[in-house]
Amino acid sequence: MMAGEIDGPERREVVIVLRTIGPARPSRLPVPSPVKVHDLRKLIAEKSHLPIGDLRIILRGKVLDDTKDGDDMCVELIDGDSLIAAVKPKSPVRRSHDGVDTDDDEDDLKFHLPQSSSWWKRKMFNLLHDKLKLPDILLMAIFSLSLKTWVLIILWFILAPVAYRWDLGPLYILATGFMIILLNLGQRQSGDLSAYSIFNEGFRELPGTLNADRLDRDIRTGQI
């Protein structure tokens, strides 16, 4: 096996023997070689009608992994190679004390990096998840932020000691708070009204707004 990109002109088509665990007979499958493990799993899943998410491929006694250290893994196949396709069995359903299944809730809390993610995100995910063993909740928070946001956060920590050295710490924190508010105000579409009438054209209020003028009008008209 090897990691990295596949050079097009060197690829060739080979025929492998595909064996599945169960009563199904072995079958032959033409595949390109070398080929990415993820693409190979996809071909086998379509051929054998197996769920790709739980599919494991075994070649020469070793389980093939899609990625290693954030890089896509490739495999070199030859004619007549025998692959074993096995579906990972699901763990038994665990129930909480009130009888509610907990497996679905645990799966929702697990963070999975999309397959279309860039190489540097896969590298970082491998470092944080596999090496540092960070919890999935923290990984969700880290990867939900854009690259621009991370640049601003790093820049803030770089400038913080400078502000402290010039006795501008409180002003620096206040300015940070105002910047966070201004950057999260968003933009209104044409025709949208603000909840604060002072920001609307002609000081127009939202329907149902309760204020002193509304109370005074209701009292004068006998509605209260």
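Keep in mind that glycine also has a Cβ here, set from the backbone N, Cα and C atoms.
What you are looking at is a predicted structure, and each value in this text was computed from that prediction instead of being measured.
The following features are taken from TrEMBL:
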type: DOMAIN; residues: 14-76; note: domain 'Ubiquitin-like'
type: TRANSMEM; residues: 137-163; note: transmembrane segment
type: TRANSMEM; residues: 169-186; note: transmembrane segment
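With a cut-off of 8 Å between Cβ atoms, the residues of this chain six or more beyond the transmembrane segment (169-186) that come close are 156, 159-160, 163. Summed and averaged per residue, pLDDT over the domain 'Ubiquitin-like' (14-76) gives 82. The domain 'Ubiquitin-like' (14-76): residue composition by secondary structure is 15 helix, 30 strand, 18 coil, according to DSSP.
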